[in-house]
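A quick write-up on the structure given underneath.
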Amino acid sequence: MTPIPRCPPAGGAAVTGAGAPPHGGGRPAPFPPSPPPPAVSRIHLPRLPPPPSLSSSSSPASPSSPSPAASALHPSDEALSAMSPREQTSLLSRQRCWRRARDLFGRMRALPGYAPNPVHDAVLLRHLSRARRWDELHRAWLGMALPPSNSAYAAVADALAKAGLARGALLLLRHMRARGVAPDEVSMNTFVRVLKDQGRYADALALFRNWCDGRFEVDFLHLDDIAIDSDGPMQFLLADIYDDKFAAAADGVPAIDEGPRKPKLVATYNTLIDLYGKAGNLKDALVMFLDMPTLRVMPDTYTFNTLINVLGLSANMAQAEALFANMVVRGINPDAKTYNVMMTVFASIGDLYGVLKCYRQIGKAGLDVDAVSYRIVLQALCERKMVREAEYMIEGILNSGGSVHEQSLPVVMKMYVDLGLLDKANSFFERHCKGKGVSSKNFAAIIDVFAVKGLWEEAEHIFFSRRGDGNNKDIVEYNVMVKAYGQAKQYDRVSSLLESIEESAVSPDECTYNSLIQMFSVGGFPQRAKKLLGKMKDAGFQPKCETYSAVIKSYSRHCLVPEAIDLFNEMKSSGVEPNIVVYGLLIDMFAETGNIKEALHYSNLLEESGISPNQVVLTSLIKAYSKYNCWKEAQDLYSRMKNMVGGPDIIASNAMLNLYAKLGMVSEAKEIFDSLRRNSHADDVSYTTMVYLYKGMGLLSESTKIACELHKSGLLSDCVSYNAVMACHVAKGNLRDCAELVQEMIVANIPPDASTFGMIFSLMQNGHVSAAEVLQLESAYNDGKSSAKQAIIAFLFSIAGMHTAALEICEQLLRPEWTIDAWAYNVCFKVYASCGKVEKAFSLFMRMNDLGLKPDTVTCIHLATCYGKPRVSEGLRTNALLEYRTDELMPSHTALAAYIEAGKHNVAVQLVKK
């Protein structure tokens, strides 16, 4: 980094600390001495006293007697005539109303002996341009006694740019070129600044370098391409540019060459330093700064402010702080803007301590805190979610007679919403935003705070809230509400929003249509999106490729093939060239439907348009070939992908794995799978495919090995992968492992599917469970009983010895709000009996009797398992079994067979005696 030279002071000694003259009420109360920066992430601020009033302490002049200053602004004609041209210029510049400036200029021109003065013309033009009085500007322009001067061009260009009419300001360059008026340093600096503020850094530098070389060229700016509104202010101002005779004369203007020169004004250097900094050319910015003393141009406060900002925002904090410290040595006193720049720099790197340190120094330097200072500190506090400190700062601002800066309103709202403090957010809005004249732009930013969180009702409340006088909704607010409804999937509410747009004086813009089309496309309403696409074209907007792509994607997801093709053809006929995303969508759509011919057709169109297929397109073609088991063609595409940057992605590799698995090509599949494992690219789909491949080929040990590896990998994420692991346990008859896997699924909130329950029934049939019990559970599952899945899982846990988990499910099934059938009681009976809670089992039996539920064969089997359990008296057993007449319980021979099957011979004897 080039060192910053220590230049001799340009002027008087610096004013610092207590020696500074007293200022108005904008000075913040002093903080306690700054401690070293804390090591913790959260900075505990001292409790700040409220900032003092921003208003001046001086009392206003009495309205009954005009002040001397007011008399000086409206002198008599005699006094005006006695003034020098420079004094007249100063007086004209100090006018605060364009009408008074116009009238004063008219009086000056009417004075005897008045000589036309181009500076006076420039000052009047500046007043009228800033007030946007275009008709008055037109008259003043045409009424100038002298041709437009550099001062006039610079004044009008500056005012137009600040009014948001930068295009018109640049057209003045063409007017100057046609008139043969070479820009002086002031006008050159003005146009360079206009280009800089537009982000046209290269053009700004070219204009400056041409001026330094003594040349005045404007062709590189392409001013002929700038369109002028037919009813805009520049239409009449530059009408003579398009006059045939004037244009012909302009073509014959010789090149303007005034020889090399160097800038001599500090304002020019300030503009260039800022320009180099924004263009990312820090070296040239420093060179420009270092050249100033050599050319006897002394930096001012604005110079230092600009360079500090450039250094800080380019992450050169040490140099920025050194430059800030050297300002006093150079004889330059930091002003409030200097401290604001330093606070901005510290805030950009998240250094809250630095922000607060600079804030304290404003008061120590005897300077006034302004609205920008408060805004920077408040934003830093809100970004750190320091609610208490931010609220204290807000109260201080209000107590000082000020108000929260409009740009800070969305920042504070975001802090509250991010922390879930919606009540505080609403209170803040009611106090500081509602009916306060907040601009539509900042209303939109507040709405967006809720929109990104899916809080559409809160966003809607802001949208429909009362505004200040003259602050109407802009289209940007409607666009953000579209986003809010889309985020929350409130598609039906968009219709009323569209109606309100049509009823208002606001016209939808291109962003409106794009947002609506994207929302309906993503939401699964392609027809509504297509209708809006037509409205967008009718409104004069040309949809871009991305807009068409969104609708085509929605069509393809819903397998609306003819509609997708029609829109593709409409897109091409409109002159919009499809990109690789559009072609990829169509190719994938046909691949999913197994239409290889059409998929290849659009692949050929893609390459004919000069676009090379990427991994996504080739993967779709592999899927298309897989539908028809065309492994050779798919293999060729996969080999082609290996030669591409990055190689095949996981989706392509899994597609090939699936194809090889379908065809039983074990070695080819193993080669791809081993490669994925070596590179740590294998996912749950890769493992699942190999598990089923090995299992299907009878390689049970390899299948189990891969399943165990999948289980330990942490890749189990869905029911399919869990089922793959379970299939191996089922094949080996590992009941406990299967039950534990089902428990993992429940904990991970992954509900078992039909395949999972199918494997559970298979385990039961192969285990020590009676056929009657399995049949009853399968019937309940197939009939879609409400509690079937929970009961089956409880039964599985019970027979696997996981009694605690089984009991938890039964406790849920037996809650009063649940209504369960006899078969579910049988499961609960089984669970309680299996874990030794025999009294609970018998009480369930009695409860079934009270509810009028007839015990069946399964009930008797479970009841029989209770026989012989400890802590149950013989009387309780017999009374429970013989509570009913046998013919009411079930046929005698069925019950007798059930007890004999369960090994309960004593009960069978009792039944025979009965």
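Glycine too: its Cβ is placed from the backbone N, Cα and C atoms.
Taken from TrEMBL, the feature region 'Disordered' applies to 1-75.
Feature annotation from TrEMBL assigns compositional bias 'Low complexity' to 9-21 (among others).
The annotation compositional bias 'Pro residues' is assigned in TrEMBL to 29-39.
According to TrEMBL, the compositional bias 'Low complexity' annotation covers 54-74 (among others).
Per-residue pLDDT, averaged along the repeat 'PPR' (149-183), amounts to 83 for this model. If you look up TrEMBL, you'll see 149-183 (among others) marked as repeat 'PPR'.
Annotation source TrEMBL lists repeat 'PPR' at 265-299 (among others).
Note on the repeat 'PPR' (300-334): DSSP counts are 23 helix, 0 strand, 12 coil. Per TrEMBL, the feature repeat 'PPR' maps to 300-334 (among others).
Sequence-distant contacts of the repeat 'PPR' (474-508) (same chain, six or more residues past either end, CB-CB distance under 8 Å): 440-441, 443-444, 447-448, 450-452, 454-456, 459-460, 463, 515-516, 518-520, 522-523, 525, 539. As annotated by TrEMBL, repeat 'PPR' applies to 474-508 (among others).
The repeat 'PPR' feature in TrEMBL is assigned to 509-543 (among others). For the repeat 'PPR' (509-543), same-chain residues at least 6 beyond its ends with a Cβ under 8 Å from one of its own Cβ atoms are 475-476, 478-479, 482-483, 485-486, 489, 491, 494, 498, 501, 550-551, 553-555, 557-558, 560, 563, 567, 574, 576.
Under the heading repeat 'PPR', TrEMBL lists 544-578 (among others).
Per TrEMBL, the feature repeat 'PPR' maps to 579-613 (among others). Residues 545-546, 548-549, 552-553, 555-556, 559, 561, 564-565, 568, 571, 620-621, 623-625, 627-628, 630 of the same chain lie 6+ residues outside the repeat 'PPR' (579-613) yet bring a C-beta within less than 8 angstroms of a C-beta in it.
Same-chain residues lying 6 or more positions outside the repeat 'PPR' (614-648) and placing a CB less than 8 Å from one of its CB atoms are 580, 583-584, 587-588, 590-592, 594-596, 599-600, 603, 606, 655-656, 658-660, 662-663, 665. Look at TrEMBL and you will find 614-648 (among others) tagged as repeat 'PPR'.
For the repeat 'PPR' (649-683), the list of distant contacts is 615, 618-619, 622-623, 625-626, 629, 631, 634-635, 638, 641, 689-690, 692-694, 696-697, 699, 715: same-chain residues at least six beyond its ends, Cβ to Cβ under 8 Å. According to TrEMBL, the repeat 'PPR' annotation covers 649-683 (among others).
Assigned with DSSP, the residues of the repeat 'PPR' (718-752) fall into helix, strand and coil as follows: 26 helix, 0 strand, 9 coil. The repeat 'PPR' annotation in TrEMBL covers 718-752 (among others).
What TrEMBL lists as repeat 'PPR' is 821-855 (among others).
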Which residues of the same chain, at least 6 past either end of the repeat 'PPR' (718-752), have a Cβ under 8 Å from a Cβ in it? 684-685, 687-688, 691-692, 695, 700, 703-704, 707-708, 710-711, 759-760, 762-763, 766-767, 789, 793, 796-797, 799-802, 805
